[in-house]
Amino acid sequence: MTTRNTANQDETLKRHFNWHDYARLGHYLRPYTVRLVLVLGSILIGNVAVVLGPFLMKLAIDQAIPQRNLPQLGALGAVFFISLLIAWACFRYRIWAITAIGQNLLIDMRTDLFTNLQRLPFAYFDTRPHGKILIRVVNYINTLSDLLANGLVNLISDVISVGVTLAFMFAINWRLTLDSLGLIPLLIIWAYVVQKKQRTAFRELSNKQSNLNAYLHESIAGIKVTQGFAQEAAATANFDAIADDNRQAYMRAVKIQYALSPGVQNISTLTTALIYFIGIQQLGVVVSTGTLIAFIGYVNNFWNPVINIGNFYNSLITATTYLERIFETMDEQPTVRDADDAFDLPPVKGDVRFRNVCFQYEADGPLILDHVSFHARPGQTIALVGPTGAGKSTIINLLARFYNVTSGQLTIDNVDSQRVTLASLRSQVGVMQQDTFIFSGTIMDNIRYGRLDASDADVLRAAKVARADDFIQTLPAGYQTVVQEHGGSLSAGQRQLIAFARVLLADPRILILDEATAAIDTQTEALLQAGLAELLKGRTSFIVAHRLSTIRQADQILVIDHGQIVEAGRHAELMAQRGVYYELYDSQYRLLQATE
Ligand SMILES: Nc1ncnc2c1ncn2[C@@H]1O[C@H](COP(=O)(O)OP(=O)(O)OP(=O)(O)O)[C@@H](O)[C@H]1O
């Protein structure tokens, strides 16, 4: 069953985190193995340099100072100074290398996610707020790559540091070392108790963050409607409610998250006390003053990384809630995709047939197209007309295979469109949506979107034929004028003309056009008609028609109602039938006649 999600609703994930996901993360780290090994080497050297400190101190206290051996004391000081320098150099290298690895990981993961998103069918985007997709690509990946690069290396560094410290401790006094580790089981139990609750709390939090992002995204997209209807207060109230949910979830999550570190701190302090207790009792027997002082230093050296490991563990638990969302998107399989034995559609003449096509957007949804059959011959212009919600746009969505037909068959030059590769199909089917999308960038780039390898001269030629050149020349920087996403600074008619030029440049054999309904001044209208006439030449065209002139000139008019073709023919024939088209014409188009 398809479930639609909204900004106010928590998402239910198709898959939950499992431990294999960590192994999958390893795949992202593999290309950086050499650099990681270098980082680890630097960490090891740096650690030895740091851990040497208390040991040198012990030698100074137990030997050099009591024996008043100044040369030895000087040598110990020099070694100490050099070890500090080495530690500093290793630290610097580590920061640089980890940052570089982190940034590369970020790009790798984001690219994989983005690539999959590009392949996903409309149905995927129809069913969820886009803000919830955005947060996965931007924020979650950020957190994860940081954890992977920084966290993982810190973890290894900490583990090495614990290991090196332990080795020194064992070498100096193994019994005191074992006593120092006596409280570790307590720590493990505590971490286990906390992690379970933490995971649930963070899953809840990421849901709330996702909702907030979705609402924000939707509000910005809909700002004109909000302001137009003076609904700012209502939008703010809605935002406040979602933001408050987010705050509450955050407070709950943080309360649990920070339950771990005080526990670790307390156990660390207890251990120090224990060492003082045992050490002082046995002072002079098995423990020298130098050893006791070195051990107090080592306990810090030991517990600081253990606290860090605890924190890493914490972040890891948090990250699993992001990880499961990222992998869910990466694993989402496009329902509209090339069949295993798909082949390239050879260059077509443009013969299109629908045979008993039925279609539902959702498996459990209503039948939107009900046994639709028609035949468009190469070069014909087919106008699709009918009341709102009849299924006209759905027919053109199927033509470009934005969705697969539920049953029946759609052929192009007698080849089933489901059997060919999407790329070969779509390169021969040009689609112009009613609301042309303009990308941020120059007008030149926006037209070139139709065929990325087109030269500037090709773009200019297409713009001239599409009648877009005149208005572009009047813009401040002509073809180099920068427009924003959605083309807010252009008029509806101008956006249409750019879309014409874009499609002309792509030069598809089959053209699909959802004619704009926006009222346009007569001069632009004339331009659009001339541009359209150029566009239709020599192509099989399907037009969801709103202009009377387009409808009248069509070779076939398909009248759609409730997902069925109820009438088909040319304008004069259909008028003569005095059926649905006649009624429609009478109620909707006669008024237009006055303006055309
Ligand atoms: N993405 C979708 N998911 C589910 N149902 C949809 C989707 N798009 C459209 N529908 C439904 O399919 C039916 C046909 O819609 P369609 O957009 O094809 O109508 P139309 O004839 O193009 O209407 P209009 O002239 O208003 O654009 C409508 O009932 C609509 O609610």
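Residue 1 is the first one shown; counting continues down the chain.
Here the Cβ of each residue, glycine as well, is placed from N, Cα and C on the backbone.
The feature domain 'ABC transmembrane type-1' is assigned by TrEMBL to 37-318.
Confidence in the domain 'ABC transporter' (352-587), given as mean pLDDT, stands at 87. The domain 'ABC transporter' feature in TrEMBL is assigned to 352-587.
Marked as transmembrane segment by TrEMBL: 36-61 (among others). Long-range contacts of the transmembrane segment (36-61) within the same chain: residues 29, 72-73, 76, 79-80, 83-84, 86-87, 90-91, 93-94, 97-98, 101, 153, 156-157, 160-161, 164-165, 168, 172, 289-291, 293-294, 297-298, 301, each at least 6 residues beyond the stretch ends and with a Cβ under 8 Å from a Cβ of the stretch.
Packing against the transmembrane segment (73-91) from elsewhere in the chain are residues 42-43, 45-46, 49-50, 52-53, 56, 59-60, 64-65: each is 6 or more residues past its ends and has a CB under 8 Å from a CB in it. Positions annotated as transmembrane segment by TrEMBL: 73-91 (among others).
According to TrEMBL, the transmembrane segment annotation covers 152-172 (among others).
Marked as transmembrane segment by TrEMBL: 178-194 (among others). Residues 169, 256, 259-260, 263-264, 267, 270-271, 274-275, 278, 295, 299, 302, 306, 310, 313 of the same chain sit 6 or more residues outside the transmembrane segment (178-194) yet have a Cβ under 8 Å from a Cβ within it.
Below 8 angstroms of C-beta separation, residues 51, 53-55, 57-62, 165, 168-169, 172-173, 175-176, 179-180, 182-183, 268 of the same chain, each at least six residues beyond the ends of the transmembrane segment (274-299), sit close to that stretch. Among the features that TrEMBL reports, transmembrane segment is placed at 274-299 (among others).
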